[in-house]
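According to TrEMBL, the protein carries these features:
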COMPBIAS  1-11  compositional bias 'Polar residues'
REGION    1-62  region 'Disordered'
DOMAIN    141-239  domain 'CRM'
DOMAIN    261-357  domain 'CRM'
REGION    366-391  region 'Disordered'
Amino acid sequence: MRHLSSSTASSKLHDIYCFKPPPSLSPEKPQASNNNNNNKKKQKPEYRPPSSLETNKKPLRSDLPFDFRFSYTESSPDARPIGLREPKYSPFGPGRLDRTWTGVCAPAVDLKVKSVDVGVGEEGADLEEKRRVIREKIQGKPLTKAERRILAEKCQRNKTKRQINLGRDGLTHNMLNDIHNHWKHDEVVRVKCMGVPTVNMKNVCTQLEDKTFGTIIHRHCGLLVLYRGRNYHPRNRPVIPLMLWKPHEPVYPRLIKTTIDGLSIEETKEMRKRGLAVPALTRLSRNGYYGSLVPMVRDAFLVSELVRIDCQGLDRSDHKKIGCKLRDLVPCILVTFDKEQIVVWRGKDYKPPEDEDEQFFADRQLFDDPQSDMDCSEETRSSDETSFQQE
C-alpha cells in the first residue's frame, strides 16, 4: 500500500488538492532537449576593432557657408596650383562628408550641380552675405567697454590656463572644433599665435572672426581674446566634420626663378652674392612673433635696395612661406633662400605703399567701440533719471 504508482499518486493528488505535478517531476524527452538548448550560452560575435572609415553611416552634412580647407590662413583661394602630389583622397574619410574634395578644398557649392548662369563671384558674394547674417545673429548687441575689460581680464595667464595655440600651420580646420569646445565652458577663449602666421596678423584676425562667427575683443602682439557672442548657445553649435589626416600640399609655381625679371643671368648671380654679404636686418626665432617684420623691411628699403633676414633654426618650408608673405605684403622681389637666409630686393622703381596703417594693427589693441559705450551710458543715465523721478 505504501509503494503507490506515480499514476495513482498523481490522480489522488489531483482529486484531493487539484494539484498538477511540475514538468521537472515527470520530464519528457522532447522537453529535456529544448531545455538543454536554452541553457546553452549564446556565442558572442567575434571582436571587430573600431574603424573611423566605416561607410555604413550616412555622410555628414554641414551647412557652414565656406569652403573647407586644411589651413585658412596659410592658403589662398586666389593661388592656383599647377599640380597635385596625390590622388584626390578626401582627408575627411571616404563617404564621411557630403562635399567633394578637389585636392585643395571641399567647396560649399557643389561644382557639378551649380548653374552655368551664376558666376563664381556671385556665389562668393552670396556665401559672404550668409556668413555676415549668421554672425550678426549670434553676436547680438555689441559689448560695452566695461564688459570687454572684464572678459579680457578673465583670459589673463594668472587667471586661466585654457589656451589654443596657433602655430606654423595657421588656423586649421580642426581648430574650429577646438574653439567651440572651449566656448562650452566660457564666453571667451585665449588664442596664442606663433611663427609664420604672425607675419600678417590682420589676416589671422579676419579668418578667425569669419570662420568661427566670433569677435576679437582684445589683442596684444600674438595673444588674442575671442568672444563667442551674446546669443551663442553650445547646443546650436554648427556641425564641423573633422579631418582624419593632413592632406599633401599641391604643387605651386616656383617662388625664385633662375633669372630675376629685368636682369641678366650674370646680374642675378652678382645680386645673390651681394645679398648674402649684406648685414642681417633681424634674426627670426623659432615660434616667435613676426608682426613687425613687414614694417621693418619697408623701412630698410628706404636706405638699402637689398635686405637679408637670418632664419637659422627654422624649417625650409617656413622660409618659403615667409618669403611668399613678404613678396605680397611689402611688396618685393625674392632673390634667394640659400644658407637659411631670406634675401629680398626692392626692385628698380620702388615706391613705399601709402596704406601702411590700413594693412597692419598696432601691437596692442582693445577693439573698443565708443559708439556702443555712449549708447550704454545714455541708457544708464536715462534709467537713473526715471528712478530718481519715481522716488
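Cβ atoms are placed via backbone N, Cα and C, with glycine included.
TrEMBL: automatically predicted annotations, no manual curation.
Across the domain 'CRM' (261-357), DSSP classifies residues as 41 helix, 18 strand, 38 coil.
Assigned with DSSP, the residues of the domain 'CRM' (141-239) fall into helix, strand and coil as follows: 41 helix, 21 strand, 37 coil. As a whole-number mean, the pLDDT of the domain 'CRM' (261-357) in this prediction is 91.
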